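To keep things clear, I will list the structure first and then write my remarks on it.
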Amino acid sequence: MLSLAFRRLLSFSLFLPSLLVAAAQQGEWTFVQNGTTGITALEVILVSPTLILMMDRVTGDPLQIDGHQAWVELWDLETNTGFPLNAVTDTFCASGAILSNGTMVSLGGQSPEIPVGEYTAPDGDGRMGIRIFEPCASPSGDNCTLFEDPATLHLAVKRWYPSSLRIFDGSLMIIGGMNDSTPFYNTGPENSFEFFPPKDNGQVRFSPFLERTLPVNLFPRGFALPDGKVFIIANNQTILYDVEAQTETVMPMIPNGVRVTNPMDGTATLLPLSPPDYVPEILVCGGSNSTDTVPSIDLSSQDPASDQCSRITLTSEGIEKGWIVLIINGAQTGYAALDAVGDTIGNSNADHPVFTPVLYDPNAALGERFSREGLPTTDIARLYHSGITLTPSGSVFLAGSNPNPTVVENATFNTEFRVQFLNPPFTTRSRPTLSGFPEQVAFNKNVTVDIDIPGDLDTSNLQVALIDMGFSSHAFHSSSRLVFLDAKLSANKKSLTFTTPPNNRVYPPAPGYVFVTIDDVTSTGTRMMIGNGLSPPVADQGVPL
């Protein structure tokens, strides 16, 4: 199983890469514990500038609503407190993303027939679940609700452990999963794609790729590329999927046969996209060198996770060249899922959590891209079923961890409710402040905002980035994205003009957060709706590359 170190690393590769190593050299990062959740935060998504939505299942979590356990919680970043939300269906090991109109959609989940100890599972089968969360201002308000109507609003087929991502028309592509409970490997697969809102008259699209990547292909890693195609990783294989032509093109395999999807979780990210060409590169780290034909009982919690990171440029020349491989130290041990290997640690299939995060600088020389300089060490293990997201403040929200079937205390790896924030050095100093943002802006448009810059910052070193925070679950941030924007500071240094992404394929339409970094000091992020803000599917917008 991939350690938290990798998960932090890839969350931060979404942030402004130029600041990473420099910031570590200029000051100390810190862990700060602040608050406790009422559920295990195994799915995490930022739904507004101040609110994070988290989801779990009924396992004895302490949060209550209407006389029963809640399994959905809304976290207020301003007060560091949580509020329960009602849900109808089981959200355990679901996926989700935000649509082009700003609506968050949760997809799939668990069957109520799967036992969870002494606790009563939700009546609603989550495997076909669709849950809608509209933007709201206050977590205690009546308008902060999770809408479900399983009789009329549901997926085409049952999906547990699926992935999803927003594509160029603002809709969601839903990938794979399983339709029945399996003990470890995917032996009850759903080898298909579908979309929300539905395409193809609600029919699914069979995927030969998902069929041949069995049985290690749960939570496939999918990425919307600047040309509109989707790069997908499952097991140790990859493809390019053309949504419009409905074709799969085989891409180079992960080097050395390393498997990187559940239950042999590694992680992956789309590296930042830069103008003028927005050339996509994919980074894949961790996973397992184990074969996928060994019975799980013959696997061990002490089997080392892979120490391999691989990177590929998705151009014709880059694909021909193949993956660049970097070996790093610090791989930990074990696998994803619960109670399946021959020597579990309590219920955990994994052991030896990593307590110190790693920074990745994609622009550094090969062999020098990873650094722990200035990074703090925590004493909280974040293993299976933990969540993480970047916040508009520039800090990283960390919560959850429960490699157990129910709430467990006094074990080697307990159920974890403590919330932490990983704070970069710039959060404790004077930072650039911006104002005057429009709420909505079209593609390929110039936007001018007011800016106030601390006098000790060198304005010759300036970057502007648009970030989608993504949906965090099972060592992966689906739909996460960073696009650098062309920008120019006015002569009096009181205003900043930047240009939005050229079209809806470079940045699939939806809200995003604009961050400005000057001299390695980053502003807070400001939310803007990118595109026309209409419900999907939306027509192409902006100008082609």
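Yeah, the Cβs are placed from backbone N, Cα and C, and that goes for glycine too.
According to TrEMBL, the protein carries these features:
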DOMAIN    74-317  domain 'Glyoxal oxidase N-terminal'
DOMAIN    325-426  domain 'Glyoxal oxidase N-terminal'
DOMAIN    431-530  domain 'Galactose oxidase-like Early set'
SIGNAL    1-24  signal peptide
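When DSSP labels each residue, the domain 'Glyoxal oxidase N-terminal' (325-426) comes out as 2 helix, 34 strand, 66 coil, counted as helix, strand and coil in that order. Per-residue confidence over the domain 'Glyoxal oxidase N-terminal' (74-317) averages 94 (mean pLDDT, predicted model). Across the domain 'Galactose oxidase-like Early set' (431-530), DSSP helix (H, G, I), strand (E, B) and coil residues number 0 helix, 55 strand, 45 coil.
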